[in-house]
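The transmembrane segment annotation in TrEMBL covers 17-38, 50-72, 79-99, 105-124, 136-158, 219-239, 300-319, 345-363, 375-394, 400-422, 434-456, 462-485.
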Amino acid sequence: CDGRVSGLLRRNLQPTLTYWSVFFSFGLCIAFLGPTLLDLRCQTHSSLPQISWVFFSQQLCLLLGSALGGVFKRTLAQSLWALFTSTLAISLVFAIIPLCRDVQVLASVMALAGLAMGCIDTVANMQLVRIYQKDSAVFLQVLHFFVGFGALLSPLIADPFLSEANCLPANGTANSTSGSHLFHASRVLGQHHPEVWRLSNQSLSKLPLQDRAGTRVSYAFWIMALINLPVPLAVLFLLSKERLLACCPQRRPLLLSADELALETQPPEKEDASSLSSKFQPHPGHEDLFSCCQRKNFKGAPYSFFAIHITAALVLFMTDGMTGEYSAFVYSYAVEKPLSVGHKVAGYLPSLFWGFITLGRLISIPISSKLKPVTMVFINVVGVVMTFLVLLVFSYNVAFLFVGTASLGLFLSSTFPSMLAYTEDILQYKGCATTVLVTGAGIGEMVLQMLVGSIFQAQGSHSFLVCGVIFGCLAFTFYILLLFFHRMHPELSSVPTQDKALGMESSECYQR
């Protein structure tokens, strides 16, 4: 970093660290459902399609929370209070999950977590952009690194507490033993003999509370609640420092010190609060969904303008959907036949997946300066398809499952930022590519998790990899269509000189 950027970091170190820690909470909440899925099924006595509604409710409310977060962007006080409430809600969610004995109650609790995550996603990104403006690229990369770090940590915390096999104690009473056999039979025969599942539920409901499933995994959720608790405290401390608490007097503008004044080398960084709101968003593509739907944004646009938005969103619909469904169901796939991996060993798969996503995001930073975004997206999509094909061919090999999980994490890690940079560059930072792509990716995570959960239950574990191959091929098809519409789109010569310069400057920012 040059002296000016490092000086900005020193001046805004506490807010920056706070926003990074807030995204750690986001990461904790995004990955724990995968390895704990079977335990939560036992705890709520639900089937796989029923528990899949938990994913749906979380992702749907994440989208709603992202839209709701835009309401709190007007002032710093509103933003920080929204972050404090959201991070505190995540700790409460972790503490309440072990008490949820019904799948509908669990879905409602995860819906609250989704709202908090969506609010964090919008507000933390916006606040970092507000602080660093055109220098925000590297700080946003670190911000999303903390998502991967949190997502890597939560499965590791859950792994020691995962229940073995049927989630019931091995040395239980005769009643619990017979309930265990019925529960195991219901997993194998449930879709063919509904009466077995009904009888299993009746037997399990007669078990004493201490013999039911989910007692040991409760400790994992309570540990995550404690680990996350310092994050809302950090936001509260930042509120106190900014004198935004009710018990503190309002902070008056202070004169800059000599060192701070020396860092103010560019006039745009000395704008007052009245002009700051108008430059809150770095370019027109960062508008909310409702602003993007206005007719004035579409006036005179060629058909390729709409086609590029749609095909790019469909690519991310598939790739981000694959990220969500693979993280959610790879644990369930591993413990089922034909692999029959032990529950403890299978618990490392989601952590491995998110660990390589985090590693891939770090590696993609220097690679993006050497390769064009269109090339990186091509490598990512082809790599995903080839990895799923290899996993399908060697579906009986546990070693290939671990290698393939790491490979998928690497290839999926940089797909979103590369597609965003490529699409915005095609459109010369006009339209609402960022908003459309974020929405498409969020809907993909929501829909594909539910779809795979239903197919997994009906067709067996083998369908998990088949779905991955199909989704990967669809992503590649939409990518080819995107290239076709790119060739049909008007060239740069049709763009005014000033807009062209803006697009080039923003493109360089994305490359950095």
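Positions of Cβ are set from backbone N, Cα and C atoms, glycine also.
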Do any residues, 6 or more residues outside the transmembrane segment (434-456), come within under 8 Å Cβ-to-Cβ of it, and if so which ones? 48-49, 51-53, 55-56, 59-60, 62-63, 66, 285-289, 292, 309-310, 312-314, 316-325, 328-329, 332-333, 416, 419-420, 423-424, 463-464, 467, 471
With pairs fewer than 6 apart in sequence excluded, do the transmembrane segment (375-394) and the transmembrane segment (50-72) have three or more C-beta pairs that lie under 8 Å? no
So if I exclude everything within five residues of the ends of the transmembrane segment (300-319), which remaining residues of that chain have a CB under 8 angstroms from its CBs? That is, six or more out. 377, 380-381, 384, 412, 415-416, 419, 422-423, 426-427, 431-433, 436-437, 439-441, 443-444, 447-448, 471-472, 474-475, 478-479, 481-482, 485-486, 488-490
Same-chain Cβ contacts of the transmembrane segment (79-99) under 8 Å, 6 or more residues past its ends? 18-19, 22, 25, 28-29, 40, 43, 65, 69, 72-73, 106, 109-110, 112-113, 115-117, 119-120, 123-124, 126-127, 214, 217-218, 221-222, 224-226, 228-229, 231-232, 235-236, 238-239, 242, 244
Stretch in 17-38, 105-124, 345-363, 400-422, 462-485 most in contact with the transmembrane segment (219-239), if contact is a CB pair under 8 A: 17-38
If we call contact 3 or more Cβ pairs under 8 Å (sequence gap 6 or more), are the transmembrane segment (17-38) and the transmembrane segment (345-363) touching? yes
Using Cβ atoms and a strict cutoff of less than 8 Å, what residues sit near the transmembrane segment (345-363) while being 6 or more residues removed from its termini? 27, 31, 34-35, 141, 144-145, 148-149, 151-153, 155-156, 158-159, 162, 323, 326-327, 330-331, 334-335, 401-402, 405-414
Looking only at residues six or more beyond either end of the transmembrane segment (105-124), which have a C-beta under 8 A from one in the stretch? 19, 22-23, 25-26, 29-30, 33, 40, 44, 51, 53-70, 72-73, 79, 82-83, 85-87, 89-90, 93, 96-97, 143
